[in-house]
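Structure first, then comments.
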Amino acid sequence: MKNAPLFFSHTLRQIETAAASLSLMQRAGKTSTQWVLKHYPNAQNIYVLAGSGNNGGDALLTAKQLRHAGKNVFLRLSAPVTQPDAQQALSEWLACGGQIQNHTTLHADLAIDGLYGIGLNRVLSATDSQIIQELQALACPIIALDIPSGLMADNGAGNAVQATHTLSFIAHKPGQFTGQGCNACGDIHLLNLQISQSFYPEPDGYLQTIAPSAIANLLRKADSHKGSYGTVGIIGGATAMVGATLLAGRAALKLGAGRVVLGLLDKILSVDPTQPELMLHPAAAALQHPALTMLVIGPGLGTSQEAMALVQQSIASPLPLLLDADALNLLASTSQLAVAITQRSAATILTPHPAEAARLLQTSTAAVQANRIAAAKTIAERYHATVLLKGAGSICTDGQSWSINGSGNAALASAGQGDVLSGIIAALIAQGLAPLAAVRSGCWLHGRAAEDWCRENLGGIGLSASETIIYARAALNHALATCE
Ligand SMILES: NC(=O)C1=CN([C@@H]2O[C@H](COP(=O)(O)OP(=O)(O)OC[C@H]3O[C@@H](n4cnc5c(N)ncnc54)[C@H](OP(=O)(O)O)[C@@H]3O)[C@@H](O)[C@H]2O)[C@@H](O)CC1
Ligand SMILES: [K+]
């Protein structure tokens with residue numbers, strides 16, 4: 001399993017310039033046509049939507065080649081062509097007898113979206129949105145050239161075409177794998193246009209899988225014992241939210257932590273009957289447990305004064321600390337905590353969902369979602385932490401390097417999944433992974449668990465957080481088997 005490199009649009013422009021643009025557009029048209037003919041051989045009536053720029057040029061050359069292949073091609077040009085390469089493509093289309101229409105075809109077997117590519121730099125006009133709505137109403141498969149039109153290549157924001165397939169030219173873009181990109185792209189296929197690897201600089205980031213090298217030191221030595229795998233403390237469990245802490249604890253236990261201590265604000269439970277391995281204590285006592293090597297605070301914590309005191313003490317602790325859920329909300333509410341967290345000597349891990357991230361940044365959820373990579377990096381820098389920004393296409397960053405998690409699906413949109421994820425990451429850190437490796441690997445395992453469950457259950461409805469733990473454990477052991 002290899003991480004896929006991701007490139008921002010300014011880096012892609014450098015690659016394109018280095019490798020002669022018109023011939024690249026010719027290759028984009030040719031390879032797209034070949035892909036369409038191979039995968040949709042029976043599509044006879046094809047609607048092609050072309051915009052004013054080079055994405056439109058790709059569409060015009062694809063239209064030309066499909067016409068040569070005997071297809072009935074209906075080409076709509078949304079606006080006068082502006083770019084020289086695209087103007088050349090338009091001349092070729094007209095020279096081969098192609099016509100231009102200014103409306104959407106009513107019936108098509110297949111549609112090709114070449115309205116905007118990586119040049120999209122602002123919100124779509126009402127006219128473009130209407131053109132996209134008409135495209136979407138065709139009720140036929142849609143093939144997006146390079147990126148679905150309306151989707152921002154660098155950050156996955158925008159109201160985009162919902163494509164069936166995306167033919168991604170030269171390299172993948174971050175926006176295809178996070179935010180709206182997860183909905184818009186359909187199946188993504190890389191067409192590298194035969195560009196030599198020597199033209200590619202260092203990737204800006206990666207689409208993350210699990211790296212055997214990152215988890216290899218989780219393999220157990222014969223003479224190890226439970227003390228070799230750390231003791232995770234998890235603080236939370238306010239009234240009516242004890243389940244969140246239990247879920248995090250069970251996840252930490254099943255993903256390999258040597259021991260797990262739960263600190264509960266509510267004293268309703270003294271043992272977890274279905275997971276008696278967990279050691280339950282009052283919250284303040286658990287925080288003082290001498291064996292702890294890793295601390296989590298937040299699952300089911302609430303925002304009481306007592307909870308606030310526990311967050312303060314946790315931040316002052318010399319242990320690696322993961323803050324989730326209400327611990328993040330308390331952190332966001334108090335500037336003294338924000339200062340204290342930057343002065344910690346041990347690692348800090350923050351795992352916000354977009355609304356929690358917005359509170360940490362004193363901004364709106366929409367602003368976070370408009371640029372998820374930048375938001376995650378800013379939180380990491382501001383709080384001196386390793387950050388996991390949750391949501392479709394989770395972002396993992398230490399403020400310098402970033403990656404987008406490459407596993408998971410909407411089955412994870414269910415109660416308690418964040419608690420489970422905290423427990424998984426804590427277990428990996430307790431067993432010796434560095435924070436960023438633990439966040440990346442934990443997030444991937446959590447997503448992989450959902451994929452495996454969906455495959456077995458033929459769908460994505462009804463995955464409980466408790467079941468996810470079992471599948472994540474299997475995914476970890478399976479990944480470790482490839483290291484041996
Ligand atoms: N270069 C190469 O070597 C190769 C490029 N290739 C292809 O080119 C694509 C990039 O092409 P591109 O740069 O021409 O931009 P594209 O996405 O077609 O947009 C056109 C222009 O629209 C404008 N605009 C932006 N947002 C807007 C909005 N909301 N509403 C209205 N207008 C808006 C903006 O111009 P502006 O108005 O800002 O001056 C923008 O420049 C790339 O995705 C790939 O498909 C391949 O052929 C391989 C070789
Ligand atoms: K497009």
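Cβ atoms here come from the backbone N, Cα and C positions, even for glycine.
Keep in mind that TrEMBL annotations are predicted by a computer and have not been checked by a curator.
The local packing around ASN55 (K(+) binding site), expressed as other Cβ atoms within 10 Å of its Cβ over all shown chains, amounts to 29. Here TrEMBL flags 54-58, 117-123, ASP146, ALA244, GLY300, HIS353, ASP419 as (6S)-NADPHX binding site.
TrEMBL lists ASN55, ASP113, SER149 with the feature K(+) binding site.
For LYS390, GLY391, ALA392, GLY393, SER394, GLY418, the entry in TrEMBL reads AMP binding site. The local packing around GLY418 (AMP binding site), expressed as other Cβ atoms within 10 Å of its Cβ over all shown chains, amounts to 24.
Marked as domain 'YjeF N-terminal' by TrEMBL: 12-201.
Feature annotation from TrEMBL assigns domain 'YjeF C-terminal' to 209-479.
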Check your understanding: Reported as an integer number of Å, what is the Cα distance between LYS390 (AMP binding site) and HIS353 ((6S)-NADPHX binding site)?
Key -> 5
Practice item. Under 6 Å from ligand 2 by C-beta, which of these binding-site residues make it: ASN54, ASN55, ILE118, SER149? Sequence order, please. Key: ASN55, SER149
Study note, to complete from the structure: Apart from the site residues LYS390, GLY391, ALA392, GLY393, SER394, GLY418, the 8 Å Cβ neighbourhood of the AMP centroid comprises HIS353, PRO354, LEU389, ILE395, ASN405, GLY408
Check your understanding: From the centroid of the CB atoms of ASN55, ASP113, SER149, the recorded K(+) site, which same-chain residues not already listed sit within 8 A by their CB, in sequence order?
Key -> LEU49, GLY51, GLY56, ALA59, GLY114, LEU115, TYR116, GLY117, ALA144, LEU145, ASP146, ILE147, PRO148, GLY150, VAL161
Practice item. Provide the number of Cβ atoms within 10 Å of the Cβ of ILE118 ((6S)-NADPHX binding site), excluding the reference atom itself. Key: 25
Review point. How many Å separate the Cα atoms of GLY391 (AMP binding site) and HIS353 ((6S)-NADPHX binding site)?
Key: 6
